[in-house]
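K.L.:
The signal peptide annotation in TrEMBL covers 1-21. The annotation domain 'GOLD' is assigned in TrEMBL to 33-115. As annotated by TrEMBL, transmembrane segment applies to 174-196.
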Amino acid sequence: MPGAVRTLCLAALLGALGAGGTELTLELPDSAQRCFHQELESGVKFTLDYQVISGGHYDVDCYVEDPNGKTIYQETKKQYDSFSHHTEVKGVYTFCFSNEFSTFSHKIVYFDFQVGDEPPILPDMNNRVTALTQLESACVTIHEMLKAVIDSQTHYRLREAQDRSRAEELNGRVSYWSVGETLILFMVSIGQVMLLKSFFTEKRPGSGGAGT
């Protein structure tokens, strides 16, 4: 029995960690666009999640096209979003991220592209007519909890990266402001010294005088 418990729990762990999909973080320069292509069968579900980690106002344009060139999803200046769709035709689907509206801000964009439904962690789980045993129910619960942990870790990693980017940007602004204040204080100090010096400078009498 302990061996069976370990086997089922290991299957739950592998099912949570081995779900099909692609995660990628990309740099999107100003006035640029990046597109990705994926060949999919008809009747397959896919999900696209994305979030801007750093750059500008943390927004990006995104659109998805089917193999016929039809736009099935389009959003402008979004910080984050999620889109799910069941394919109707077989072929290459295209999803693009665009920063063409920005002329000076680079963006860092994270996206997660998942294809298909997650396979069941137990054999014939979808076709069973009997209730799950206590052991199987425990493994399903563990699997769902592991999925929640993975999602939470991804969320907190993105938040940490976004907050770090904002902190670095704020630190840079504070540094530039401090340098500017130092230069201004230095120039004001020099001006005050020169002004005080002019007050105490001895004025020589003029060489010309009235004749006797």
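The backbone N, Cα and C atoms fix where each Cβ goes, glycine too.
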K.L.:
Where DSSP helix means H, G or I and strand means E or B, what are the helix, strand and coil counts for the domain 'GOLD' (33-115)?
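P.N.:
Its residues fall into 0 helix, 56 strand, 27 coil.
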K.L.:
Restricting attention to the domain 'GOLD' (33-115), give the mean pLDDT.
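P.N.:
Mean pLDDT, the domain 'GOLD' (33-115): 91.
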